[in-house]
Amino acid sequence: MKGNKVTVDRVIAFLRVYLALACCWPLPPDATKFQRLCRRILRYFCLANSITIIFSGVWTISKHGDDAFMVMRVGCQMSAAAQIPLQMILFAMQDERMQVKMFMLVMLSYVMLCCVWGTCSILCCLAITGVSFIFAPLLLPQPFPLELEYPFDIYQPLQTIIYVHHIIAIFQSVTQVGANTFPALLLWFVAARFHILSTRFCTVTDMKQLLKCVYEHNILLRYAEEVTHAVRYVALLCITCSTGAVIFGYLTFMSRQPVSVKFIFLMIGLCGFVELYMYAWPADNVMTMSSDIALAVYNSSWYKDDVAMRKVLMHIIRRSQRPVVVSVPCALPQLSMTYYASYISTVFSYMAFIRIMIGQE
């Protein structure tokens, strides 16, 4: 258990450093004024940098609107760039809710395994994609990492400044997509607490222990509601942006492009699928674990208890039949592995339709 705790501490410390540019990790409640000022300055700088990239992308698309392949490539890049300012705003709005006690490392071994696996997989994909974009000018006939154009002539030292500007934007995009590991970690933590509570319900022997478990269940439901409210709009933004990136990325991959171009956009599409999977897997686990409370209560020795305890247990069973879900009314149904499977099917249908529209059968 001590080894697991050290591993969790290292994962959290790594994420805090890695996601610093994403400005998603909430400051501690006792943060100084200087720390808050530095966070605010960094956030404004990142917003300005990403918005400049978006304006450049809009200019490029408007200039090459008759070139379908150019629009697809730039549209794929802009789908990732648009996520930067929008997700930063959402995280800023949820700062208070994000300040949860996630450092109570009451984690089970399987939760630790899922956290490390998910974090390493998505960060590796993102790192490969980011490096591919940064070194793209070495292999492709383009002056900058992103295929953007500007309404003015570019000479030195402005060319170097724009190149650095693109590198910062790429790193921002990588960290913003990687920032989704933070809400995913919160969801895994909620699922772990539901699992622990289920095991406690199975071992209840008297009314005192039962009332304590009922109290913990009510506290956990409120905690889970806060987490799902903080996560759901970020998840909706993730689905929206990843849909554009996946569609444009794989359409570019299937078109007649150089292998170096295909590899970059294939990685973008893969990152889009992995990004949504990082939400769907823990959200589905939260839904399952919150419902398993009823099964744990039913499997306990309730038939040996008195009438008062049976009534309390029946109330818990009825309450657990409404699982904790991540959803947005009229926009996002229950986020789960079933939704993820239907999402993949729908995205490939859109890809086939657009491919027919542009005559690339």
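Just so it is clear, glycine is given a Cβ too, placed from its N, Cα and C backbone atoms.
Here TrEMBL flags 41-62 (among others) as transmembrane segment.
Here the transmembrane segment (68-91) has Cβ contacts under 8 Å with residues 22-24, 43, 46-47, 50-51, 53-54, 57-58, 60-61, 98, 146-148, 169, 172-173, 176-177, 179, 233-234, 237-238, 241-245, 248-249, 251-252, 255, 257, 261, 265, 268, 358 of the same chain, all six or more residues outside its ends. Under the heading transmembrane segment, TrEMBL lists 68-91 (among others).
Positions annotated as transmembrane segment by TrEMBL: 103-136 (among others).
The transmembrane segment annotation in TrEMBL covers 230-251 (among others).
Annotation source TrEMBL lists transmembrane segment at 263-281 (among others).
What TrEMBL records for 337-358 (among others) is transmembrane segment.
Long-range contacts of the transmembrane segment (337-358) within the same chain, counting only residues at least 6 positions beyond its ends with a Cβ under 8 Å from a Cβ of the stretch, are 68, 239, 243, 246-247, 250-251, 254, 273, 276-277, 280-281, 284.
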